[in-house]
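Below is one structure; the comments refer to it alone.
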Amino acid sequence: SGESGAGKTESTKLLLQHIMSLCKGNSQLEQRILQVNPLLEAFGNAQTVMNDNSSRFGKYIQLRFQKNTVQGAKLSEYLLEKSRVVQQDTGERNFHIFYYMFAGLSSEQKEMYGLLDPSLYRYISGRFGTQEVAEHWKHKYQEVCNALDMVGFQEQEQVDMQAILAGVLSLGNVTFEPEESDGSVKVSEASRGWLKAAAVSHKKSLLLEVLLVCCCPCSPVSPSVRCCCSLCADARDSIAKVAYGRVFGWIVCKINELLAENVDSEVELREIGILDIFGFENFAVNRFEQLCINLANEQLQHFFNHHIFQLEQAAYKEEGLPWETITFNNNEPILNLLLAKPFGLLSLLDEQSAFPQATDKTFVDKLNSSFKGNLYFQAARGHVLGFSIVHYAGKVQYAARGFLEKNRDTLPANVRGLFISSVTPLLSVLFTGKKLYPVVRKQSLLQDVAHLAVLWLDGLLIFLLCPCQHSLMVLMEKMYSANPHFVRCIKPNSQKEPGVLDNQVVLLQLRYNGLLETIRIRRDGFSWRPSFEEFAER
C-alpha cells in the first residue's frame, strides 16, 4: 500500500521475481506468471499527474505451491477505471495500450485496423510524445505481444482484440447534429467516416440504430434535440467503456485459464497472495473513481491498524505484560461515514440511484442534510456541486457530477444486443461467454468496493480483497488463517523525480500511515514469539 506513485506495482513485480527465484525452477508456468504483470500494466495502467505508470485497477495475485514449487496462479481484478477510456484530465493519458499500438503497429497493420494519426482521436489526449518516447512505446508494444504469446493467447484472438481497441478510438470521433428537415438527430457529416471505421466490428446499420434511435427517442423540439445529441454522445461513450472493460475482463479470465493448477483436487496446496491496490489519490478534480479508490485505501489502513496495534496490544494485555498503551489514528469514524447502513454515504448514493428523478444535486443535498456537523464531512461552499471528506491521508474535495450515472453503471439491452451480433468473434464472445462477467448487475459500483473490502462482524472490520461476492466467505477464512505482511511504499517526492528525497513529503506519509507509531510498537514491543516447544528445545 501507499499513495499513487509510491512504487506499489514495481514492488509487486520485484516480489514476484523474488518468489519465482526462491522456487529454484525455470518452468514455463513460472515464466508465464512473470509475464502477467507487464501485460496487465499495458491494459490497466495509465499516466496521471501523480504517476507515469499508475494502476487504474486493483489486482490480487494468488500463487499456489506444492513442495516449494509453483503449481498455479489466479488473478482477481476489480474497479477498472473505465471512464478513462473516454475522458482524461489535463496532463493525463488514456491506457498505455493505445499509445503502444500507434507506436508498434506497422503501416499495413494500422491500415488493416483503420488507424490514422493519433492526434486525430478525441479519446487520445495530450501530445503523442517525442521520438524517444515513441521508441519506448514501440519497445513496450513488442513486450506486450511477447507476453500475449508467452501466456498463451492465440494469434486471431490478438488480432480481434486490437480491432476492438481501434474501433473504440474511431467511435469516440462520432459526433451528432440536428436534422434540419424534421429536427431529429443524425450523425454529423464530418464524422461519417469515423462511424464506418468504428463499425468494422459491427453491422453499421445496427450501430447507427443503437446510437440514434434506442438511446434518444426525442421529439423535434430544439431543446430536446440538444438533449438528444447529448444522450447520443453518452451512448457512444457507454459503448466504448463497456467494450474496453469487457476486453480487460476477458484478458484476466484467459490468464486464469492458462495459469490454473493442474494437480489432483485432493492435493493440498499452500498459497501466497499479493495485493497491489491503487494508491490514495487527491487530484485537482476528484470524481467518483477517486472516492472508490480512497475508500478502498481507508479500509486497507483500518486492516493495518487492526493487526499492528489492536491485536498486538490485546496480546500484551492478555499475557499480563507491563505495557503503556500506544494510541493511533483510528479511521473507523470515516468508514462509518462512508459505509454505515442505512445512512452512510454509500447507502445514500444507492438510495438516490434507485430513483429515476434523482440528480447529482439531490444526492449532494441529501449528504449535506445527513452529515451536518460530522467532523469528517464538509459541504462545498457557494454553488459548487460537490463535497469534501477528511480521509486518514488528508482532506479531498469531490466533484459530484456524474456520481449517480457511474454508480448505476447500467448497460442498455440494445447495446448488449449490438455486441452479441458483432461480426468480430471475440466481441460477440465477450457478451455471451458464460465464464465472463454476468450481464445483469445486482449491485452498484460502490457496493463492489465494499464487497472487495469489508464485512462488519461483531463490530470488527475485516478487510477482504476480492471483486466477486461469492468469493467473500472463502477469502474471509483465508484472511483469518493467513499471516498478513504489510509492504508500506513511501513516495520520495511529488515531482516524479529520481534520487530526490523531500523530507516533508516523506514525513507526512509516515504520520498519516501510522508508521511512526508502528516503529514505536516494534521497538518497545515483542516482535519474536517462539512457541513453548521451540523455547524448550533451544
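Positions of Cβ are set from backbone N, Cα and C atoms, glycine also.
Residues annotated as domain 'Myosin motor' in TrEMBL: 1-538.
Positions annotated as ATP binding site by TrEMBL: Gly2, Glu3, Ser4, Gly5, Ala6, Gly7, Lys8, Thr9. Here the Cβ of Gly5 (ATP binding site) has 22 other Cβ atoms within 10 Å, regardless of which shown protein chain they belong to.
The average pLDDT the prediction assigns to the region 'Actin-binding' (472-494) is 73. Annotated region 'Actin-binding' per TrEMBL: 472-494, in sequence order.
Taking Cβ-Cβ distances under 8 Å and a sequence separation of 6 or more, the neighbours of Lys8 (ATP binding site) in its chain are Ser1, Gly2, Ser55, Asp276, Ile277, Gly279, Val487, Cys489. The Cβ centroid of Gly2, Glu3, Ser4, Gly5, Ala6, Gly7, Lys8, Thr9 marks the ATP site; residues of that chain outside this set whose Cβ lies within 8 Å of it are Asn51, Gly279, Cys489, Lys491, given in sequence order.
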